[in-house]
Amino acid sequence: MEQVLLLLIFLPLVAALITAFTGNAAKHVAMVFALASLAIAAAITCQFTPDASKQFVVNLPWIQSLGINFHAGIDGISLITVLLTNVLVPIIILASYRNDYKKPASFFALILFMQAGLLVVFTAMDAFLFYIGWEAALIPIYFICAIWGGKDRVRVNMKFFVYTIGGSLFMLLGIIYLYLQNPAHNFDIQAFYQLSLDPAQQGWIFWSFFIAFAIKMPVFPFHTWQPDTYTEAPAGGTMLLSGIMLKMGIYGVIRWLLPIVPAGVQDWGTTAIVLSIIGIVYASLIAFTQKDAKRLVAYSSIAHVGLISAGIFALNAQGMQGAMIQMLSHGINVVGLFFVLDIIFSRLKTNTISQLGGIAKVAPKLAIAFLIIVLGTVALPGTNGFIGEFLLLMGVYQFNIWAVVFAGLTIIFGAVYMLRMYQHIMLGETNDLTIGFEDIRGSETLVLVIICALIIVLGVYPKPILHLSEASVQQLLEQVNQKLTSVK
């Protein structure tokens, strides 16, 4: 079975190398490989047994002198992120069909290279391998933003790079320290789980990892790179960043932070929840003031991720399960939002809300799709956003009633600014700019049909996704509680 996981990880890497030399046919070649990866992920999901064990495990010697192995596997937690990656990458490639990128072979090759790095992050059971995947996923998105970004891409990309590299260095220090504390002198995640670290050690290791993960999510006050980067990145880059890459930070907290330093989480988790809730309120208030729709969605994303973060640090099953399904739902919804805004920008050369209006009259298909995506984003019952936010709020409520009051502002504020944005863009009378707007066609229609179908299906029947991660989440929480008991 290990061959299946190796194929899943290395196929996008090989595909990237091939795609780089295919010229104008690159988008079709990339799509074939992305669909092949999706088929492998689907096969893994069908063969997966929803229990707490790691499956499809591969453990090959790599740098034996340092105790480094190519050790990877899949449980219910990692399977959610693997599915997210392999579902969204072909959608993002298809969404990029309509863009006339210069050097298309390089663009699509970088997407596939990033996919490989992401899959390493989401399956790694060796800390060194995890770190390699973490950095490997950064390289392609840096070049995507630097080459195909907007006018201010150099400054914005440098800010993004400094933030992420700085956070990665903090995490590297934590990994090295754990390695030195490990009597076996290897980077195996199970060995790290079993380390006996005093609360002071766990406290500083918590921050070394949390800073890296908080930057990637991002959580207040580590978020300042995000709105500018989302705005200046090309559409495909923005969808990769918001739909998949920020989930690296969420996954890192669940997989690495909680079980390795539970005492650190207990001591500092309340601080993390407070920062998350501040981020929810702050980002929501800033979203109200945005004149550019793309920046509004960027701040909306910060608010939603803040709720996910609060749910995780509540350390209960509802919050954790809510985080798992909301990772999937948020990825789908935010990709849909940015794709619709890119369609509008490609036709009108603006995302300024006040300049738009009445698009529903001339583009009814786009208006319907956009409405479904917005309703999913504001967590309307029957859409994919509802069950995740409901579970997250239940989890935060069990932690603290006042925390859930402020966390609940995500839904209230989000509904107001998202529906107001929809009203200004789609409803009302057309103007001189929007009267000639052309409705969606071809690949645009297909992308939005897929996204809307996912929103509705996950909203109506979320049970299979929750079932995949339930046992793994329960085991993780039991592991954290056992370690906390032993520390006491």
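Backbone N, Cα and C define each Cβ position, glycine as well.
Automated prediction, rather than curation, is the source of TrEMBL annotations.
Note that the structure is predicted; figures quoted are calculated from it, not measured.
It is 204-225, from the ranges 50-71, 204-225, that TrEMBL records as transmembrane segment.
At the 8 Å Cβ threshold, with sequence separation of at least 6, the transmembrane segment (323-345) lacks contact with the transmembrane segment (104-122), having fewer than 3 such pairs. The highest tally of CB pairs under 8 A with the transmembrane segment (80-97), across 30-49, 104-122, 128-148, 237-258, 440-461, is held by 30-49. Listed as Cβ neighbours of the transmembrane segment (237-258) (distance under 8 Å, sequence separation of 6 or more from its ends, same chain) are residues 77-78, 81, 84-85, 88-89, 92, 95, 111, 114, 118, 121-122, 127, 130, 134, 137, 141, 144-145, 148-149, 189, 192, 206, 209-210, 212-219, 229-230, 264-265, 294, 298, 301, 305, 308-309, 312-313, 315, 320, 323, 327, 331-332, 334-335, 338-339, 342, 476, 480.
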